[in-house]
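Single-structure report; data block below.
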Ligand code: G4P
């Protein structure tokens, strides 16, 4: 690589920020995403994200909707530019679309924005997504939304972040009043107040101040609010965590921003601070050690495969996170698992509902590759020296069904379908140790529906799914396993690699099994 192109690669990597927004449904993710896209001048996208959201559909409608809308239903990637940065937002679907793909998508992000409703605090889906990010140790930024509504006290919310998620927090700004009484926020980093103005709160006034004792605040926001603000910030200064960038980078401390996405309030400060603090594309582990984004040769891995995007064909799109180098349309790369060179000729980038053909892309970007059935989750595509990226984690399923084929004559196709859909990551498959039954495991109900639909439409097999009462799966690592210890409210199965996994009906059964097997390890992810 010559010096000029090395410099370009460095600059391109430096300006990229690839992140996912994690939240519970209704916290305002769609609204926040749309506002961020608008900041980036992606005006033509205004409404698209919302339109997509408007189809709050029943699960059973999913296939029809998928057919009509192509990519729009399941997660995609949005890209925009702001202040010299190139931003990739990875969409993590909520509601019924929640699936293992949602978790895998998080592995392609370098940081996460955790969006929380000020009235509801930390909710179930946020906890699950947070845990996946926390395991990777990526930086997590918190945006507390809907400040224009009555909500919980900021101190209370910080306490909850620590108690429920186990993460310390450092408020970057602080609300002045709340709900109908909200007059603005105090920016602790820049020492300035941002005030709502006008009856509809549509204008925002920014005023630099000395510190939070500055009398200007009382003039602007009233004596009562100014006093309360000073009291609370004093308490934070004394008892709160100081801002520590190293801890933020390790995911041990989350910077917290307060605002209201729908009113655009606090968003610009959030975006600008976030872009400054969020990490550029990070290296990824491989069989040849860590692969740095500025490695001159291209490399990347597939983290998600989306089938049936085009109803007329059985096309799939393989989503690839570029880990290093520069991608150019038409380039040849090695598909490491199959040991062949392939040409990347129809790459796509996803902007909400539009699909654009990409000519070039850099480390940190996500591209969609046309997949005639040659990719699997976790596949590595590399240029130059051959290596493979570390396997993607297998996430613990929470819903289980016993699967049987209705017509015994179709057994061969049935087996082929199960094998392929497992490889694609649509479902996880287990076999019970006692009766050799086939049990499917998923993290979202939609995965069962996709499985049933695709078995019928792609393999011509009608399957019967029978829900099982289990809620937890734990991979067991032990010298010896005694199946008799897994009889009460639990069952022992093997995954497709032959690892033992225990399925439990409730937490009590799980605790009991853990107590009864002190020499065994019970893992949430496959070893
Ligand atoms: P989601 O993608 O996380 O599920 O949430 P979404 O953005 O759809 O927001 C959920 C609801 O919360 C929407 O109202 C949205 O308008 C509202 N919302 C988002 N941000 C704010 C905010 O800062 N303040 C207030 N007060 N509301 C906010 P909805 O009634 O469900 O939908 P809609 O009819 O308004 O579209």
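Cβ atoms here come from the backbone N, Cα and C positions, even for glycine.
So that you can see what the record holds, here are the features copied from TrEMBL:
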- 23-30, 91-95, 145-148: GTP binding site (BINDING)
- 14-284: domain 'Tr-type G' (DOMAIN)
Message = I'd like to know which of the binding-site residues listed (26, 29, 147) lie near ligand 1, counting only a CB under 6 Å away.
response = 26, 29
Task = Let me know how many other Cβ atoms fall within 10 Å of the Cβ of residue 147 (GTP binding site).
result = 26
Query = Taking the domain 'Tr-type G' (14-284) alone, what is its mean pLDDT?
reply = 84
Task = Please report the DSSP secondary structure of residue 23 (GTP binding site), reduced to three states.
result = strand
Request  = Go through 23, 26, 29, 92, the listed binding-site residues, and name the one with the sparsest Cβ surroundings, counting other Cβ atoms within 10 Å.
outcome  = 26
